[in-house]
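As recorded in TrEMBL:
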type	residues	note
TRANSMEM	20-40	transmembrane segment
TRANSMEM	46-71	transmembrane segment
TRANSMEM	83-103	transmembrane segment
TRANSMEM	109-133	transmembrane segment
TRANSMEM	145-167	transmembrane segment
TRANSMEM	194-213	transmembrane segment
TRANSMEM	241-264	transmembrane segment
TRANSMEM	276-304	transmembrane segment
TRANSMEM	316-333	transmembrane segment
Amino acid sequence: MTAAPGHNPTFAARGPAERLAEAAPFLLVPLLAAAGWLAIPQGSSWLTLTVSGLAMGMMIFIMASGLTLIFGLMDVINFGHGAFVSVGAFVGVGALAALDGLTGAPSPALNALALALAAAAAMLATGALGWAFERAIVRPVYGAHLKQILVTMGGLIVVEQLILVIWGPSEIFFSRPEAFKGALTFAGAAIEKYRLVAVGVGLALFLAMRTALRATRIGLIVRAGVENREMVEALGYRLRVVFVGVFVAGSALAGLGGVMWGLYEEVITAHMGGALMVLVFIVVIIGGLGSVEGCFLGALLVGLMQNYVAFLEPKLALISNIGLMVVILMWRPQGMIPVVKAK
């Protein structure tokens with residue numbers, strides 16, 4: 001019996017080759033980790049770099065997850081996304097400075113509370129900024145990609161200049177809350193506590209987003225809008241409202257990623273968001289536009305690649321991720337797990 005035209009068989013009904021092709025993206029992360037194990041002579045160094053790479057990947061995923069949905073649902077190329085990362089970092093660090101009584105306390109619970117409050121402040125500030133950014137800058141250029149690139153880049157420059165006016169041009173150095181300082185020793189490897197926290201937060205966010213997109217009404221509308229916008233609008237849903245909500249949520253996630261990255265580096269600058277956008281866009285592109293799962297896998301690959309190559313040959317760290325993007329796009333031009341949009 002032949003399948004009806006346009007019918008997509010279930011995973012169980014597919015042949016071994018089709019199953020392997022579908023599962024292949026999920027094998028890349030363990031394969032890269034195994035390659036790192038072979039290339040790095042000491043097991044303790046490999047473990048330290050792997051945890052660091054996973055932590056870096058999780059933070060990049062937090063920044064990129066909102067952007068991939070904005071790409072997929074709204075068809076908006078937002079080069080100003082880095083502005084939300086920078087603002088989130090400065091607001092979050094400012095909140096931590098105001099909560100110095102909690103950050104310096106010997107209680108891990110109080111330290112965690114300070115971190116949660118700082119993250120909430122960063123997300124609220126960048127969510128509000130995202131709402132204004134969408135109304136003033138993005139909305140007038142829906143559907144015009146060249147204009148989107150120009151005006152969102154202009155928005156990024158304006159926000160960076162405002163940061164310089166408000167917080168000054170100097171780098172701001174700071175320390176993490178007491179409970180997140182130092183490292184744990186495991187199998188001879190030193191693993192920073194904060195990197196474990198970053199892995200946990202990123203994994204929790206991924207699971208929450210995946211559940212929300214698959215099990216809630218608004219999540220199903222967002223997924224349907226990514227795949228077939230015209231059909232969703234024909235069913236009577238106001239995708240314009242969903243657009244704004246996704247943009248605000250994506251901006252808030254960028255702010256969360258910014259404050260977490262600032263704590264990771266323990267230094268923030270006005271231009272940090274723009275600099276990080278290279279890695280964020282690589283993740284979004286290789287993952288597949290609109291795909292949260294692809295974004296997650298892409299971020300882990302980028303984080304691991306960056307750390308392994310930086311250890312072996314520091315000068316090749318960034319170009320290695322560009323090479324990774326080229327190889328993946330030659331293999332799958334639409335990304336690892338693309339969300340197909342009906343035309």
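Backbone N, Cα and C atoms are what each Cβ position is placed from, and that goes for glycine too.
Annotation: stretch 46-71 has the most Cβ pairs under 8 Å to the transmembrane segment (20-40), among 46-71, 83-103, 145-167, 241-264. The stretch from 46-71, 145-167, 241-264, 276-304, 316-333 that makes the most Cβ contacts under 8 Å with the transmembrane segment (109-133) is 241-264. Contacts between the transmembrane segment (241-264) and the transmembrane segment (83-103): present, as 3 or more C-beta pairs lie under 8 angstroms, all at sequence separation of six or more.
With respect to Cβ pairs under 8 Å, the transmembrane segment (316-333) is most closely packed against 276-304, considering the stretches 46-71, 145-167, 194-213, 276-304.
Comparing 46-71, 145-167, 194-213 for CB pairs under 8 angstroms to the transmembrane segment (276-304), the maximum falls on 46-71. Sequence-distant neighbours of the transmembrane segment (46-71) (same chain, 6+ residues past either end, Cβ-Cβ under 8 Å): 33, 36-37, 40, 77-78, 81, 85, 186-187, 189-192, 194-196, 198-199, 201-203, 205-206, 209, 222, 226, 246-247, 249-254, 256-258, 260-261, 264, 276, 279-281, 283-284, 287-292, 294-296, 298-308, 311.
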